[in-house]
Amino acid sequence: MNTSSSLDASPRDRVTGTPFTRGLGILVLVGMVLLIVLGLFVSPADVNQGESVRIMYAHVPGAWLAYLAFIVTAVSSAAYLWNRTRSLTWDRIAGASAEVGVLFMGISLITGSLWGRITWGTYWTWDARLTTTAFLFVTYIGYLAVRGLGGTHQQRARRSAVLALLAVLEIPLVHFSVELWNTLHQEASVAGRGTNVDMDGLMLFTLFLGVVVFTLMYVWLVLHRQRSLALDDMLDDSGLDNALTARRAEAERMTH
Amino acid sequence: MSNSLKGSLPKNSSTVIATARLIAAKDLRVELRSRVLLNQVLPFALIVMVMFAFALDSDAVLERVAPGLVWLATLFSVLVMVSRSFAVETADGALDQLRSAGVPAMGIFIGKMLALMVQLMVLVALLVGAAVVLYRASFSWEGGVLLVTTAIAATCGLAAVGTLYGGLAAGAKGRETLLPLLLLPVVAPVLIGATRATESAFGTNGIAISEGWPWLGLLAVFAVLFSVAGAVAFGPLLDD
């Protein structure tokens, strides 16, 4: 595929890495190794939960990251709609962040239900936080599907920005109504959430390290993904340009 | 492009209301002449109610879950009705024509929402009737008042969200399959609120009628929030 002719970007713009992201990537790798060693081997087992507490070091940072990602999506969607320039960069950041968010929400749902199976004896409870998380997950899968609907880049950006802001409206409502629904049903309350208070120092440090490493990883992923989305858009545009040039050349051949 | 459309944004509320009335009347007239709701959606909702009975296979269980089934069948039908509502607009590029004619987007939203709400009320009335006949549901005069209020609040919320998300997906390929995924998570609060209110209206499990009224608060908040959000967001959504 010959796209270089109409891409008015230097080759340097066509890679997603920069010295900064490379440094960040190395930092994430080192941190992840440290997190695995601390989380799986060095930190002690919990008095009540036993070895299953180690799931927490992936589950809590994963959930935190997903929420952070969705907040970033909402904020950059608002920035897209707010700025008169209608900069697609905001749209791509929103999209990249949502993708990473969905991935990590999936991870945190799976690890959470595995932990629940061991600790509570059930994969799932109708706790408001859990249910809202599941709704968030589905909502952002829908968001990503809307991004893939087609149309122009601006159309995609506008649709998905409105949708991301609607999700901000939807999620508190869902959470609130599930809470109301729960109080009526008198479901078993979630035990073990409060045990974090008297946590061992090393466990707390490992959890903290997990949050930091996952956050850095999020930044790394979003930076790369955002740039690769920009390249996708460029490829789309150049495809049209190339087709136009080809047709023009054809027309010129016909007339001569 | 967007600058020229800025001029078409509603300057006074009377044009919005006039537009809304025209659009709503148009949608209802289309329904009266095509009878899609009557001949297709209502029978679909009824067969869903009958299928629930097959799946649950017990009169006692059916009686207990009747309120939830009424609203679940409503939600399924909403998906079909929203698709229909926007198929009418996009078939001949009608929505584009309306936009280029400078018709205020807010008026289009309110009009389509009102038309959808009227049709939903008919649907809910039929489904409550079906619950009485098929699931042995019954309600007193007082329960009836609660039921009607619930139906108004719930259909208002459903119509607002349906129109908003219908407009969002309008004209895009694959919207029929996308709409349920987008719409169902959003309307979960309506399902919860309307089901609880209907439970107390039916007196299911001996729940008192007075316990149903607080749920209307949830339905009202939902309806107001999404009506306002829809009226505001519909313009940017259609603005090309």
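Positions of Cβ are set from backbone N, Cα and C atoms, glycine also.
Away from its own ends, the transmembrane segment (B:36-56) comes close to residues 62, 65, 69-70, 72-74, 76-77, 80-81, 84, 119, 122-123, 126-127, 130-131, 134-135 of its chain (Cβ-Cβ under 8 Å, at least six residues beyond either end). The transmembrane segment annotation in TrEMBL covers B:36-56 (among others).
Non-local neighbours of the transmembrane segment (B:68-87) in the same chain are 27, 36-37, 40-41, 44-45, 48-49, 52, 62, 95, 112, 115-116, 119-120, 123-124, 127-128, 130-131, 135, 154, 158, 162-163, 165-167, 169-170, 175-176, 179-180, 183-184, 187, 190-191, 194-195, 198-199; each lies 6+ residues outside the stretch with a CB under 8 Å from one of its CB atoms. If you look up TrEMBL, you'll see B:68-87 (among others) marked as transmembrane segment.
According to TrEMBL, the feature transmembrane segment maps to B:108-133 (among others). Same-chain residues lying 6+ beyond the ends of the transmembrane segment (B:108-133) with a Cβ under 8 Å from its Cβ atoms: 16-17, 19-24, 26-28, 31, 37, 41-42, 45-46, 49, 66-67, 69-70, 73-74, 77-78, 81-82, 85, 89, 95, 98, 147, 151-152, 154-156, 158-160, 162-164, 166-167, 202, 227, 230-231, 234, 238.
Among the features that TrEMBL reports, transmembrane segment is placed at B:145-165 (among others).
Within the same chain, residues 67-68, 70-72, 74-75, 78-79, 82-83, 150-151, 153-154, 157-158, 161-162, 165-166, 168-169, 215-216, 218-219, 222, 226 sit at least 6 positions outside the transmembrane segment (B:177-195) and bring their C-beta atoms closer than 8 Å to a C-beta of that stretch. What TrEMBL lists as transmembrane segment is B:177-195 (among others).
Here the transmembrane segment (B:215-238) has long-range neighbours at 9, 95, 99, 104-106, 108-110, 113, 149-150, 153-154, 156-157, 160-161, 163-164, 167-168, 186, 189-190, 192-194, 196-197, 200, meaning same-chain residues at least 6 beyond its ends whose C-beta is under 8 angstroms from one of its own. Marked as transmembrane segment by TrEMBL: B:215-238 (among others).
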